[in-house]
Amino acid sequence: MDETGDKPLESEESSFRTTPESCFTVSSHTGKTPGENATAQHLEKHTDEKPYMCGECGYRTGDRSYLSRHMRIHTGEKPYKCDQCDYSAAVKSSLDQHVAKHTGEKPYMCEECGYRTAKKSHLSEHMRTHTGEKPYKCDQCDYSAAVKSSLDLHLAKHTGEKPYMCGECGYRTAKKSHLSEHMRTHTGEKPYKCDQCDFSAKQKSGLNVHLSKHTGEKPFMCGECGYRTAVRGNLSQHMKTHTGEKPYKCDQCDYSAAQKSDLDDHLAKHSGEKPYMCGECGYRATRKSHLSMHMRTHTGEKPLQV
C-alpha cells in the first residue's frame, strides 16, 4: 500500500521494492532511481506540470496514484470494502468516512468552537466560517465562495445552464445532487435515518438538523456576536446581517437580497409561480420552507429552533 491507500501496480512494485540490493536500482519506467522519481513528482507540484493523462476523458494530474484512483470512475472498481456491511469505495478516504458512521468516531476537531467531524476536508471547510476565507473565485464577477460546490452553483447563474431535468415534472437544476433531492418529492423516499428514533429525512441536512434535537449541539458559531446554529447554511445567512451583503439580484428590477430564498420569493411575484405543492391537500407555495412549515399541519411535527 502507498500513502494514499492504493496498492501499486505489480510492475511498479517490482521496480520500486526497497532492499539493500535494489535501493538505487534504476526504474525501468523512467530511467531514474526511486528517490529521483519522488523528487520529480514533488517538483511537478511547483511547475503545475501534469504528465499523467486519462485516455477516456482527458483528465490530467501530476501524481500517478491520482490517475489510478481516477480510472476507477470509468472501470467502476471499488476495492475498499467495509467489514461491517456491504459498502465499498473507490478511494480509501471514502471508506474511512463510511467506517466512522459505524464507530461514531469524529477525530477532526475545531479548536475555536469544538465542532467535530469524521472528515478532514470538512474541518477545513468549517474553519472558513471562522476565518472568512473564500478561496474559490468567480472569473466573471467578484463572487467568491468558501466551498467549491457553491462556486459551481454560482457559475451556472452566468451560463443559465441547467442540465439536470426531472422526467416527472420538468424541473431543471444546475446541480445533480439537487435533482436527486427533488426526485424524492415524487418517490417519497427518505433514505436518511435517525439511529435514536424513527425519524427519517429526504436530505442529509434534514437529518443533521434533527440529530441536534437529541444532542443539543450547535457547532456553527458566528465570531462577531456568538450566534450559534445546528445548520451551516444558517450561519452563512446570518453573517450577512453583519456584512450587509446582498448578493442575490433580481434581473427584472433593482431588488437584491441577502438570501437566495428571499430572491426566489420576490421572483415569484413577477412570475406568479408557486412550484412547491403539498401532496396531501394541494396547497402551493412560492417557497420550499413555507411548504415545509405547512406540512407540519399534517404531521404534527414541532419546528426546531436553530
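Placement of Cβ uses the backbone N, Cα and C atoms for every residue, glycine included.
As recorded in TrEMBL, the features of this protein are as follows:
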type: COMPBIAS; residues: 1-10; note: compositional bias 'Basic and acidic residues'
type: COMPBIAS; residues: 16-37; note: compositional bias 'Polar residues'
type: DOMAIN; residues: 52-79; note: domain 'C2H2-type'
type: DOMAIN; residues: 80-107; note: domain 'C2H2-type'
type: DOMAIN; residues: 108-135; note: domain 'C2H2-type'
type: DOMAIN; residues: 136-163; note: domain 'C2H2-type'
type: DOMAIN; residues: 164-191; note: domain 'C2H2-type'
type: DOMAIN; residues: 192-219; note: domain 'C2H2-type'
type: DOMAIN; residues: 220-247; note: domain 'C2H2-type'
type: DOMAIN; residues: 248-275; note: domain 'C2H2-type'
type: DOMAIN; residues: 276-303; note: domain 'C2H2-type'
type: REGION; residues: 1-37; note: region 'Disordered'
Distal contacts, the domain 'C2H2-type' (192-219) - CB-CB under 8 A, six or more residues away: 110, 113-116, 126, 181, 184-185, 228-231, 233, 304, 306
For the domain 'C2H2-type' (192-219), the mean pLDDT of the predicted model: 85
Within-chain partners of the domain 'C2H2-type' (136-163) [C-beta distance under 8 Å, separation at least 6 from its ends]: 125, 128-129, 172-175, 247
Positions on the same chain near the domain 'C2H2-type' (108-135), where near means CB under 8 A and six or more residues out: 93, 96-97, 100-101, 144-147, 219-221, 223, 232, 235-236
Number of helical, extended and coil residues in the domain 'C2H2-type' (52-79), per DSSP: 12 helix, 4 strand, 12 coil
Contacting positions for the domain 'C2H2-type' (164-191) when only residues 6+ beyond its ends and CB under 8 Å are counted: 149, 152-153, 156, 200-203, 275, 279
